[in-house]
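Feature list (source: TrEMBL):
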TRANSMEM  12-33  transmembrane segment
DOMAIN    84-590  domain 'Neutral/alkaline non-lysosomal ceramidase N-terminal'
BINDING   His176, His285, Glu522, Tyr561  Zn(2+) binding site
ACT_SITE  Ser336  active site, nucleophile
DOMAIN    592-759  domain 'Neutral/alkaline non-lysosomal ceramidase C-terminal'
Amino acid sequence: MAKRTFSTLETFLIFLLVMMTAITVALLSLLFITSGTIENHKDSGDHGFPTTQSTPAMQGHITTQVSPGTCTPEPPLFQNFSGYYIGVGRADCTGQVADINLMGYGKSGQNARGILTRLYSRAFIMAEPTGSNRVVFVSVDIGMVSQRLRLEVLNRLQSKYGSLYRRDNVILSGTHTHSGPAGYFQYTIFVIASEGFSNRTFEYMVTGIVQSIEIAHANMKPGKIFINKGDVDGVQINRSPTSYLKNPQSERARYSSNTDKEMVLLKMVDLNGDDMGLISWFAIHPVSMNNSNHLVNNDNMGYASYLFEQEKNRGYLPGQGPYVAAFASSNLGDVSPNILGPRCLNTGESCENANSTCPIGGPSMCIAKGPGQDMFDSTQIIGRTIYQRAKELYASASQEVTGPLSSAHQWVNMTDVTVWLNSTHTAKTCKPALGYSFAAGTIDGVGGLNITQGKTEGDPFWDTIRDQILGKPSEEIKECHKPKPVLLHTGELSKPHPWHPDIVDVQIITLGSLAITAIPGELTTMSGRRLREAVQAEFASYGMKDMTVVISGLCNVYSHYITTYEEYQAQRYEAASTIYGPHTLSAYIQLFRSLAKAIATDTVANMSSGPEPPFFKQLIIPLIPNIEDKPPIGRNFGDVLQPLKPKYRVGEVAEIIFVGANPKNSAENWPHQTFLTVEKYENTTAAWQIMYNDASWETRFYWHKGLLGRSNATIEWHIPDTAQPGIYRIRYFGHNRKMEILKPVVILPFEGTSSIFEVVTT
């Protein structure tokens, strides 16, 4: 190979990166007390918070689901019915909405600056009439479930309920919104992407997840579950179609589409036929909100939940009411909602090619867009279509789910699984590594290094940078991952903690003829089909015929993507992010078949639990410090800076600006009910009634950070056509941080109220 000559720009970049490395090392020396310290997950650590006063103005205005006491008694069981004992619960798990990265795109600078919708944990408990067996499924409005999050949730459940809720019968699944806060991980690659570990957000999420399970536990009653299936059209494209075409033609010929269009839905009712909740699984990436977004929200699948819950909980504000609707993730790895497809931003031409690149501008110009006028519109169009199809399936669901409940779980060292390719040949999984195309990003959100997808060779420039900063990858890891050119050899990096998990969860729960497989990552379309088929065949071979196998994605621990062996050869983004090497899918199929066999043969008790995962201490703290909030001279927190107009028509936007404080202060005490309310004056009662809050899709809360602790808060109400004419006001609820020398930090509530204004229809 000819010796490469570096350009002036590249030389400058090398110098800049070396300087950044030196600064980073210095910062890490200050940030870390120790490195490599681990403890068993039974030790939850110290998670104390400053006490935050509740806002008196909020008390009595917002109702929530009934919350159990500190010691919830076991609900009485009724054994003389057919069906299941069912409990549903929902709780807020939003966390920080400012001064934290959003998790999903990995884009530097895409930090939270407000809120479009709240994030929720939705829990469903199903128990046999005798109470002998039970299972729990939780769908959480976050990017993915981290191992640390799951371990802490299980630890707290064990402290409260003993052995009732365990690692084998509790599934935690992330919806995969890319607009939720980061900062709740323990492995270094994710901590770096999060720009530190946020104990504030981690605690808020853990508390919300546990609370949703507690509510479901307290609300359990006899009921029935019905299952239905049906296709959802017009909301998906395969974002790596050239990779999909690498799969055998004979296999592809069995399917009518390069995405899975089928939605599987569970309808839950009590013995009177009254609605309780639903769980649906459908394969779509919640990336209708693109990487220019800075508002925390639950994206397209969250909007489907929002619509269904609003319909069933009439008279309640969003996030309230007894009915719970979860739209959970599935094998979404290569599935995009941006159905207009990839086009070059500068020319408008299609860039649907193996490298997702444009003739002018390269890969950074190749972006897919949704069907709407903007990302908000696209989110609602996709979410509404999913909701409408779910509504149809829900109404026609008539096949009852019956039979025993079972669960099986193992921890597995995914870096050392021997895979049987056939009766005579084996292969091995690899230590984790990310390929070059990982840095390319996808057509839903491109990377920042101008690297193209489909790279099967490295680059001497970036290899040199990596080798200088992180050291060289071993020949063993490079050979194991071929044809992936290794960009980051994360499985060989252990400072300050391991960069990727070695130990992952594999888990199946069954409800009669339904099996839910908890996948610790993102399966592509064909990967999901193969795994479903293999698990179904395994059940059938041991007498459990006609099982419906559901892929539940982003469960329990995050390990990136899982492509087929053939797709892996193309080395697009999904393959480059298949961190355990080309035989990852085969390993998972083997492991899940073992779980299915154990359930079918009633030998789960004989299975090894596997190597227990670590729970790290002394993680990197957030790089953004906590500073005192300060109002402008002569102003107070909550004062109006830009007032509303006296009159608005439906369809217009009412916008008001207040003297604000950092919204992350409000995440220090769970739950923070809302940052805003839109209230209507009722003449009949001479009182203000809350019509919208910050969980409503009609409202937006923007936080604008200034200097020296000063900030503003902008509230928008996009007045819908359904708004009732009358007199309104907008209120703002926040918390400011007060810091005085030699005194403890105090978090103080405040509020602001607009002048009244009128809404008219014409």
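Glycine residues also receive a Cβ, built from the backbone N, Cα and C atoms like all the rest.
TrEMBL does not curate its annotations; it predicts them automatically.
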**Q.** Cβ-centroid neighbours of Zn(2+) site His176, His285, Glu522, Tyr561, 8 Å, sequence order
**A.** Ser329, Leu332, Gly333, Gly521, Gly553, Leu554
Q.
My understanding is the cutoff is Cβ-Cβ under 8 Å with a sequence separation of 6 or more in the same chain; which residues meet that for His176 (Zn(2+) binding site)?
A. Gly104, Gly143, Met144, His285, Pro286, Met301, Ser329, Leu332, Glu522, Gly553, Leu554
Q.
Among all protein chains shown, how many Cβ atoms are found within 10 Å of the Cβ of Glu522 (Zn(2+) binding site), not counting that one?
A. 29
Q: Would you kindly give the Cα-Cα distance separating Tyr561 (Zn(2+) binding site) and the residue listed as 'active site, nucleophile', rounded to the nearest Å?
A: 15
Q | Which same-chain residues, if any, lie at least 6 apart from Tyr561 (Zn(2+) binding site) yet have Cβ under 8 Å of it | A | Gly333, Gly521, Glu522, Leu523, Thr524, Tyr573, Glu574, Ala575, Ser577, Thr578, Ile579
Q: Note down the number of other Cβ atoms within 10 Å of the Cβ of the residue listed as 'active site, nucleophile', including every protein chain shown.
A: 24
(Q) Looking at the domain 'Neutral/alkaline non-lysosomal ceramidase C-terminal' (592-759) alone, can you tell me the average pLDDT? (A) 96
